[in-house]
Amino acid sequence: MDTKAFKRSLHKSEQYHRKGFGHEEEVTNLLQSEYNSKLIQQIRNNGYRLQQGDVTIHLAEAFGFCWGVERAIALAYETRRQFPQERIWITNEIIHNPSVNKNLRDMKVEFIPVQPDGQKDFTVVGQNDVVILPAFGASVQEMQLLHDKGCTIMDTTCPWVSKVWTSVEKHKKGSYTSIIHGKYKHEETIATSSFAGTYLVLLNLEEAEYVADYILNPGDTPSEREQRRADFMAKFANAHSPGFDPETDLERVGIANQTTMLKGETEQIGKLFERTVMRKYGPAQVNEHFLSFNTICDATQERQDAIFQLVDEPLDLMVVIGGFNSSNTTHLQEISIDKNIPSYHIDSVDRIGPGNRVEHKPLNADLTVTDNWLPNGPLAIGVTSGASTPDKVVSDIVEKIFSIKSASAEVVGVR
């Protein structure tokens, strides 16, 4: 499919929208009342620190809602106001935050049902319905299906995600295989790969090193090459385009990324493949075999930079707040753990209690319960949150921490 031509056609359709409907002031006021926090603003104004009793909160200087998330939520709220009686669907969670998605459900925004085989059931969508595409975007196949149905589409895709789509389309035009640094099951990567031609999704630097080694050492004999190819295909069974052949499709590669991945790792992967093609084809041929554009999201970079700064503080523990399926939140937790700071990833204040107990998600593990997670005595606690987390959620958790440590330290009347 010529995805670029399809996007141009879709954007010209009267049924397609990616801007608001004139309800900005009303929606802005509503979002501020639902998601903002006077306490968090107070902490910002106080140099990102607040002490109550023997607890000092150190807040990251960049955290919480990014511009793309705020925009997506605002457009979803505007859509409901513009179409008060119509049936409204959304193809996925608008963002990875349970409270925001619950609010949309309360507004009678329905989620496209998922069948037992994992495929979405779009037969429920009627011609007169409205469908919201979330901040992560949607695959080009889903967009075409909805366009063909003739339903109204509100596209809240983050512009940074759209920028990555443009990059992989350039890879496709130049006959480069898109090496996508991301999680192959993540909604954003699914959407991005649908705009690519030939692609391979790599989770981390370790997988990238495996691929780089294959490029340089595919095997010396036919049997070795056959075995190495079979091992490669088994390792990346669910992470490549149909018909992908590592023997031919890794001769020309372009780098792209899921916007929420670790910035430093994406850069390392890009440099690794640049060095790899230089070794294989020579310095003069690098541009014939390697292509890279800067597709690292500013907001992701800012939040990662802020927690790198925060973990240099003498902290006793870190609280990382965000949806458990939020990629950018998970990476914030990784940074804290790499600094050997005890880290608790929670998605809401309801995970805390009763008493000095917390239900949290360790990195790459299931939910677990830890008792006495807040030690006695003075505590310096780092707090950050993913790009999909409202200030109000952070505020509730900070207040809960204060109340556990000392009843006299409860923050009264500041919200």
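Each residue, glycine too, has its Cβ placed from N, Cα and C.
The [4Fe-4S] cluster binding site annotation in Swiss-Prot covers CYS66, CYS158, CYS297. Neighbour list (CYS158 ([4Fe-4S] cluster binding site), Cβ cut-off 8 Å, at least 6 residues apart, same chain): GLY68, VAL69, ARG71, ALA72, ALA135, PHE136, GLY137, THR259, CYS297.
Within 10 Å of the C-beta atom of HIS186 (dimethylallyl diphosphate binding site) sit 18 other C-beta atoms, taking all shown protein chains into account. According to Swiss-Prot, the dimethylallyl diphosphate binding site annotation covers HIS96, HIS186, SER326, SER327, ASN328, SER388, on the basis of sequence analysis.
Residues or ranges marked as (2E)-4-hydroxy-3-methylbut-2-enyl diphosphate binding site in Swiss-Prot: HIS96, HIS186, THR259, SER326, SER327, ASN328, SER388. In the shown protein chains, 29 other C-beta atoms lie within 10 A of the C-beta of THR259 ((2E)-4-hydroxy-3-methylbut-2-enyl diphosphate binding site).
The annotation isopentenyl diphosphate binding site is assigned in Swiss-Prot to HIS96, HIS186, SER326, SER327, ASN328, SER388 on the grounds of sequence analysis. DSSP assigns ASN328 (dimethylallyl diphosphate binding site) to a helix. Counting only same-chain residues at least 6 apart in sequence, those with a Cβ under 8 Å from the Cβ of ASN328 (dimethylallyl diphosphate binding site) are THR260, THR300, ARG303, GLY322, GLY386, ALA387, SER388.
The active site, proton donor annotation in Swiss-Prot covers GLU188. Under 8 Å, Cβ to Cβ, and six or more positions away along its own chain, GLU188 (active site, proton donor) finds PHE136, GLY137, VAL161, GLY182, GLN258, THR259, THR260, SER327. Under DSSP, GLU188 (active site, proton donor) is assigned to a helix (H, G or I) in the three-state scheme.
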What number of additional C-beta atoms lies within 10 angstroms of the C-beta atom of CYS297 ([4Fe-4S] cluster binding site)?
25
Taking every pair from HIS96, HIS186, THR259, SER326, SER327, ASN328, SER388, which the record gives as binding (2E)-4-hydroxy-3-methylbut-2-enyl diphosphate, the longest CA to CA distance in angstrom is 15
Sorry to bug you, but what's the C-alpha spacing from CYS66 ([4Fe-4S] cluster binding site) to SER326 (dimethylallyl diphosphate binding site), rounded to the closest Å?
14
